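*Asks:* Quick paste from Swiss-Prot:
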type	residues	note
BINDING	ASN176, GLU242	Mn(2+) binding site
BINDING	ILE179, TYR180, ARG181, ARG193, TRP194, LEU195, ARG198, GLY199	prenylated FMN binding site
ACT_SITE	ASP291	active site, proton donor
Amino acid sequence: MDAMKYNDLRDFLTLLEQQGELKRITLPVDPHLEITEIWLDRTLRAGGPALLFENPKGYSMPVLCNLFGTPKRVAMGMGQEDVSALREVGKLLAFLKEPEPPKGFRDLFDKLPQFKQVLNMPTKRLRGAPCQQKIVSGDDVDLNRIPIMTCWPEDAAPLITWGLTVTRGPHKERQNLGIYRQQLIGKNKLIMRWLSHRGGALDYQEWCAAHPGERFPVSVALGADPATILGAVTPVPDTLSEYAFAGLLRGTKTEVVKCISNDLEVPASAEIVLEGYIEQGETAPEGPYGDHTGYYNEVDSFPVFTVTHITQREDAIYHSTYTGRPPDEPAVLGVALNEVFVPILQKQFPEIVDFYLPPEGCSYRLAVVTIKKQYAGHAKRVMMGVWSFLRQFMYTKFVIVCDDDVNARDWNDVIWAITTRMDPARDTVLVENTPIDYLDFASPVSGLGSKMGLDATNKWPGETQREWGRPIKKDPDVVAHIDAIWDELAIFNNGKSA
C-alpha cells in the first residue's frame, strides 16, 4: 500500500490546488449561513472543489470547507489515488484486527510490507510544534475570534464540527480521538455533544468514577493533517489508536506534542488546539441543530467544555463542515469508507461478496449485503453478524441480504430481489429493544428501538416447499451473433439497415 505523504494539512492543500481540487474564495462571505449556501447544492452536490474562504466577514482567519467533498479527495487524504484502493486500507485493518502468523517463508515474504508498516505506528513526540506558535490563555481566550459557522437558519448557535477531541481514561495507556460537535455558548465555553457509547464519553465516565469531583482534561485539535483526521472516522480496532493508524496511512510516524495545560498529546501540525477541562456535573442544553438526517434534532443536555488555552499556528486556518440531508460531506466520507468496511467484514464472513451503505440511508441506517449462500438460514446469520461484529453498525436499522447475482449498489437489482424472493412473514426478521441512534426521532424511546432484516435470497429446501423460480437468461450464442451484426442493423441511425 504505497501512500502519498502529507506532513500537514497545508501540504495536502498545496497538492489539491495543483490538481484543481481547491478553490480560493477572496470575496467576503459570512460564516453565518452564507458559506453553507455556497457549499451545499452549488458545490458539494456538483462534485466541486474544496473551498478556502480567505476573507470571512468579521474575521481575519480563513475557513476551509468541503475538504472531503468527493470520494477521490477522501482517498487522497488516506494516501491513495482512487477510491478502489481503499480496499487495501480495509485489508490492512482486517489484518491488524486479527493478524495471522505466516504459514511459511513465501507467506512471510508476502507479509513483509504489512509488518514494515507497523514500524510507523508509534507516535513521535516533539518538544515544540507549529500548533503552539501562538498561545492565549485565561481571560484572553475568546472563541468568538474563530469563524465558527452557523449552518442552518434554526441552529441554536455557531457549531464546531471538525474538532478532533483528545481524551484519555484513567485506566488506559492510549488516548482516544473522536469527532464530536461542539456548540458555542460563551467566549470560553462549548457543549461537548458525545453519545454515551463513544470513546470520549466512556473515558469521561471512567474518570468520574475513579476521580470524583476532579476536572476531566480535554483537548480539541482543529485542522490536523488528513491522515489523522480520517483516522478518527475510520473503523480502527479498539486496540489500535487513531494516531497509530494515521501513521500507517501516512507511512511516517504521527508527530504529536504535549499540551500546554495538560498531559494530552495533540497533532503537532494542527492549525488550532483548544485546551481545557470538563467540570463534573456541569451540563447545558445542546441544540437544536440541522443534522445528517435532514431534520433538526431535539434538545438534550451534554457536558460543558471550558477552554483555558488556545494554541495555534501563525495565520491559522479554521477547518469546518456541515451536516444535512445526504449527500453532505459525512455522506461522501461514508461512500469512501464503505470500501474500507468490505475487507473487514469479508475476513470475518468470507461468504460476503459486497457490502453497501447507501448514502441516502444516512450512510449507516440501511445496509445491503450480497453473499454466496451456502445453507438454509444463512441470510439470517449474516444479518446478526452485521449488527454485532462492528460497533459502527450498532445503529443500522435495516439489513437487506441478497444473493451474489444481485448488485448491492443497484436499487433496480435490490428491489427486484426483494419483490421476487421474499415472503414478508417468512423472510422478515424484527428485533426489538436494540440500541438506536439518539438522533433517530422515529424510535419510540430515545436511544432504543427496533431493527429489521430482509432475507431477499433465493430460498433453499427447508425454507420453502415450492418449486423455486429459475432466472431468465439469454442464449449466449444468439447474443454473440447479434453483437456481430448490430452495426449493420443501424437501429439508432437515421439511415436504413443493409
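Positions of Cβ are set from backbone N, Cα and C atoms, glycine also.
Are these features on the surface or tucked inside, and what are their neighbours?
*Replies:* Annotation for ASN176 (Mn(2+) binding site): spatial neighbours VAL166, THR167, ARG168, GLY169, GLY199, GLY200, LEU202, ASP203, SER241, GLU242, criterion Cβ-Cβ under 8 Å with sequence separation of six or more.
Cβ neighbours of LEU195 (prenylated FMN binding site) (same chain, under 8 Å, six or more residues apart in sequence): ALA201, TYR438.
Note: ASP291 (active site, proton donor) has non-local neighbours ASN297, THR323, GLY324, LEU439, i.e. same-chain residues 6+ apart with C-beta under 8 A of its own C-beta. In three-state terms derived from DSSP, ASP291 (active site, proton donor) belongs to neither a helical nor a strand segment and is classed as coil.
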*Asks:* Pairwise over ILE179, TYR180, ARG181, ARG193, TRP194, LEU195, ARG198, GLY199, annotated as binding prenylated FMN, what's the top Cα to Cα distance to the nearest Å?
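*Replies:* This binding site's residues have a maximal Cα-Cα distance of 14 Å.
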*Asks:* In terms of DSSP three-state secondary structure, what is the assignment for GLU242 (Mn(2+) binding site)?
*Replies:* helix
*Asks:* Here the binding-site residues are ARG181, GLU242; which one has the lowest number of other Cβ atoms no more than 10 Å from its Cβ?
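*Replies:* Candidates: the binding-site residues ARG181, GLU242. Fewest Cβ atoms within 10 Å: ARG181.
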*Asks:* Sort out the sequence-distant neighbours of ARG193 (prenylated FMN binding site) for me: same chain, 6+ apart, CB within less than 8 Å of its CB, listed by position.
*Replies:* TYR180, ARG181, GLN182, GLN183, GLU286, GLY287, PHE302
*Asks:* If you run the three-state DSSP split on GLY199 (prenylated FMN binding site), which class comes out?
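*Replies:* In three-state terms, GLY199 (prenylated FMN binding site) counts as helix.
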*Asks:* Using DSSP with the three-state reduction, classify TYR180 (prenylated FMN binding site) as helix, strand or coil.
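*Replies:* Reduced to three states, the DSSP call for TYR180 (prenylated FMN binding site) is coil.
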*Asks:* When DSSP is mapped onto helix/strand/coil, what comes out for ARG193 (prenylated FMN binding site)?
*Replies:* coil
